[in-house]
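Q: Provided herewith is a single structure, encoded as structure tokens, for subsequent inquiry.
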Amino acid sequence: MPELPEVEVSRMGIAPHVTDQRVTQLVVRNPKLRWPIPEDLYQIEGQVIRAVHRRAKYLLLETDIGTAIVHLGMSGSLRVLPAGIPPEKHDHVDLCLASGEVLRYNDPRRFGAWLWQPKDSEHSVLSKLGPEPFSDAFNAAYLQEKAQGKRTAIKTFIMDNHVVVGVGNIYANESLFAAGIHPKREAGKIAPQRLALLVDEIKAVLAFAIEQGGTTLKDFKNADGKPGYFAQELQVYGKAGQPCPRCDKPLSEAKIGQRASVYCSACQK
Ligand SMILES: [Zn+2]
């Protein structure tokens, strides 16, 4: 499943191709994504894409009259191709551009989304989201205040989009290991300086993943291959039973809030 770093790398990959481009045609081959693709989205035809932003795991293609909101779901990916390349299986949406390139959306499991947000309104999928992890609003004082009195496991807490957006399972595991915090510890019972360290580690772990993914950017022009979700250097995720990178004790595994959690019972308290 694409997590925030993949979405940010997708944004960086498509932005140079779609920014300042006029949309000549929207082609929808299968509107049945997580939500049906709304008729409103066709308003993007004839509009110029002014900017590509990201909010949580949503990509925002901004025009003068509104914004196309794209979510990659469980298995979605975007590619930029020259016009005229026949669609393959699961290529559900094309955004044809005046440059002669096509932004093509592929999604085998169809849990992704293409939505439309008229100018000066906020789509319901974007309201009530917590701060971006890289924003100044996500800081030690903020997390302490949010965590106060919370009995939720810290891992579940930081994966809550109302607390901070974009911390998926992989990065929750990795940042808690980096901060030395046990994933089951109650959020409200963690000392302020440890929460401050966790904020720093969340930012660092996500930034490192984006940096690694950035090296795959050339793939966005590759007509044959799919961008794929990039391989990463991870410390604990997917490594249960293997030696802890810090103390060599075997890493433990537990389900926390239905999600696979890997941690070191010696290094994480
Ligand atoms: Zn350890």
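In case you wondered, yes, glycine gets a Cβ from its N, Cα and C as well.
Automatic, uncurated: that is what TrEMBL annotation is.
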Q: In TrEMBL, the DNA site includes Arg109, Lys150. Which of His90, His182 does it also list there?
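A: When TrEMBL describes the DNA site, the candidate it includes is His90.
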Q: Could you state the CA-to-CA distance between His90 (DNA binding site) and Pro2 (active site, schiff-base intermediate with DNA) to the nearest Å?
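A: With the alpha carbons as reference points, the distance is 17 Å.
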Q: Measuring CA to CA, name the entry from the recorded positions Lys57, Arg109, Lys150, Arg259 that ends up nearest Glu3 (active site, proton donor).
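A: Nearest by Cα distance to Glu3 (active site, proton donor): Lys57.
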Q: Across all the protein chains here, work out how many other Cβ atoms are within 10 Å of the Cβ of Lys57 (active site, proton donor).
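A: Around the Cβ of Lys57 (active site, proton donor), 21 other Cβ atoms lie within 10 Å.
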Q: Taking the residues the record says bind DNA (His90, Arg109, Lys150), how far apart in Å are the two Cα atoms that sit farthest from each other?
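A: About 42 Å separates the two most distant Cα atoms.
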Q: Sorted by position, what residues of the same chain at least six away from Lys150 (DNA binding site) have a C-beta under 8 A from it?
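A: Phe157, Glu186, Ala187, Gly188 - these are the non-local Cβ neighbours of Lys150 (DNA binding site), listed in sequence order.
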Q: Which of the recorded positions listed here (Pro2, Arg109, Arg259) have a Cα atom within 10 Å of the Cα of Lys57 (active site, proton donor)?
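A: So the list is Pro2.
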